[in-house]
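Below is one structure; the comments refer to it alone.
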Amino acid sequence: MAATSAFDLETALAERRRLHRYRTRLNTDAPAGRETVVDGRRYLNFCANDYLGLANHPDVVQALKQAADDIGVGSGASHLVCGHSRFHHALEEQLADATGRPRALLFSTGFMANLGVVGALLDKPDAVFEDKLNHASLIDAGLASGARFRRYLHNDADSLAAQLARADARRKLVITDGVFSMDGDAAPLAALCDVADAHDAWMMVDDAHGFGVLGEQGVGTPAAQQVAARIPVYMATLGKALGTFGAFVAGSEALIETLIQFARPYIYTTAMPPAVAAATLKSLAIMRTETWRREKLVALIAQFRRGAQAQGYTLMDSATPIQPLLIGDDAAALQLSGRLREQGVLVSAIRPPTVPDGTARLRVTLSAAHAPEDVDALLAALGEAPSSQD
Ligand code: PMP
C-alpha cells in the first residue's frame with residue numbers, strides 16, 4: 001500500500017483537470033496542411049506546423065515510396081554503426097548547402113538535437129543563457145548539461161547583457177528560438193549577437209519555426225536578418241515547414257565532428273528511416289525553389305490579421321504563420337477552441353504550463369496549403385463565438 005500512495009498519480013491528474021489544463025489527443029486522418037479528418041468528420045486544420053503544405057505533396061510522398069521500395073523501411077542501426085545511408089548523407093550535404101555552412105548533421109528529432117548539441121558543448125565549468133520563452137527541449141538541454149543555467153527576459157538583449165556581465169564561466173552559450181513557437185515572433189538576432197560578441201559567448205539558434213518560412217529560399221531566420229555568419233550553431237527541424245520528420249544542426253567542420261564524437265542523443269539512437277531522408281531531399285528542393293509558397297503565406301497572414309483585428313481579438317507581435325489569439329483564461333481558451341471545432345475548424349488551445357499563467361491562447365497556424373477562402377471560414381467561425389472576447 002505504501003508504494004501506491006507514493007505514486008498517487010490520480011491526485012496530480014485530477015488537479016490538472018480542475019485547472020482546465022488536461023491534455024488530450026485527437027485521432028486524425030491526413031493530419032497536415034489544409035484539412036484533416038477526426039472521427040470521420042472533416043475539419044479545416046489550423047493547428048499543424050506544415051507551413052509550406054509539403055507533408056502531403058505528391059512528389060515528397062513519391063520520394064518516400066521509391067526509397068522504401070529501394071532500401072526498405074528501418075535504417076537498421078545508429079548512424080555510427082551502419083544506419084547512415086546514402087540518402088542521409090545526400091540530405092546532410094544539401095542542408096549544409098542550403099544554410100551556407102561547411103557541414104550539417106541529421107538528428108532523429110529536434111528534441112534530441114537540442115539535448116545533443118548542448119550536452120556536447122557544455123559541462124560544469126560552463127554557462128548557458130536562454131530566452132525565457134525558449135522551447136522546452138532547449139530548457140531541458142540547458143538543465144541537463146550541468147552548466148550554470150540562466151534565463152533572460154524574452155527578446156531582451158539588455159537582460160542578456162546583464163546576465164552575461166555577471167557570468168564567470170569557461171564557455172558561454174546563448175540560445176534562442178529563431179521564431180518562438182507559441183508567440184510567433186522572431187528573435188532580434190543582431191542585437192543578441194552584439195551582446196554575445198562583447199562577452200565572448202557563442203550563439204545557438206533553434207529555427208524549428210523559421211526554416212522554410214523566412215529568408216530567401218526559406219533558409220531561415222538568421223539569413224532573413226543577415227546575421228547567419230555570426231551564429232556558429234544553427235539547428236532546425238524537418239517535421240514542420242519541410243513536412244517530414246527529424247532535425248539537423250549546421251555549422252563548422254569542428255562543430256559537426258564534435259557532435260559526432262560527443263552528442264549522446266546522436267550516437268546512441270537509431271538513424272531516421274532513410275526513406276524519410278529521401279522525402280526530405282525532395283521537400284528541401286521544393287522549399288528552396290517554390291518561392292510562391294512563402295509569398296502565399298505572407299498574404300494569408302495579412303488576411304488573417306486584418307480579419308481577427310477587426311473582430312476585436314488580441315493578436316501577438318507576429319509576422320509568421322504562427323498567429324496566436326491571446327485569450328488569457330485557460331477555460332475560455334478551451335471553450336473557444338471547442339466552439340470552433342463544432343463549426344468544423346481545428347485550432348488548439350495552448351495553456352500553461354506551455355505558456356505563462358494568464359496567457360492561454362488559441363494558436364492559429366497558417367499553411368501555404370490553405371486557400372484565402374479557408375481563412376475566411378476561420379474568421380467566420382471566430383465571429384460566431386463573440387462571448388470569447390468578453
Ligand atoms: N524546437 C522547437 C522550437 C520546437 O517547436 C520543437 C517542436 N515542437 C522542437 C524543437 C522539437 O522538434 P521535434 O518535434 O523534431 O522533436
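A Cβ is built for glycine as well, from the same backbone N, Cα and C atoms used for every other residue.
The substrate binding site feature in TrEMBL is assigned to R23, H135, T354. For R23 (substrate binding site), the number of other Cβ atoms no farther than 10 Å from its own Cβ, over all displayed protein chains, is 7.
Looking only at the domain 'Aminotransferase class I/classII large' (43-382), the predicted model's pLDDT averages out at 97. The domain 'Aminotransferase class I/classII large' annotation in TrEMBL covers 43-382.
According to its DSSP assignment, H209 (pyridoxal 5'-phosphate binding site) is coil. Taking all protein chains in view, 29 other C-beta atoms sit within 10 angstroms of the C-beta of H209 (pyridoxal 5'-phosphate binding site). According to TrEMBL, the feature pyridoxal 5'-phosphate binding site maps to G110, F111, S181, H209, T237.
Cβ neighbour count for K240 (N6-(pyridoxal phosphate)lysine): 29 (other Cβ atoms within 10 Å of its Cβ, all protein chains included). What TrEMBL records for K240 is N6-(pyridoxal phosphate)lysine.
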Within 10 Å of K240 (N6-(pyridoxal phosphate)lysine) (Cα-Cα), which of the binding-site residues R23, H135, S181, H209, T354?
H209
So, in DSSP terms, is T237 (pyridoxal 5'-phosphate binding site) helix, strand, or coil?
strand
Which of S181, T237, T354, the listed binding-site residues, has fewest other Cβ atoms within 10 Å:
T354
Checking proximity to ligand 1 here: which binding-site residues out of R23, G110, F111, H135, S181, T237 have their Cβ closer than 6 Å to it?
G110, F111, H135, S181, T237
List the same-chain residues at least 6 positions away in sequence whose Cβ sits under 8 Å from the Cβ of F111 (pyridoxal 5'-phosphate binding site), in sequence order, or say none.
S137, D140
Should F111 (pyridoxal 5'-phosphate binding site) be counted as helix, strand, or coil on the basis of DSSP?
helix
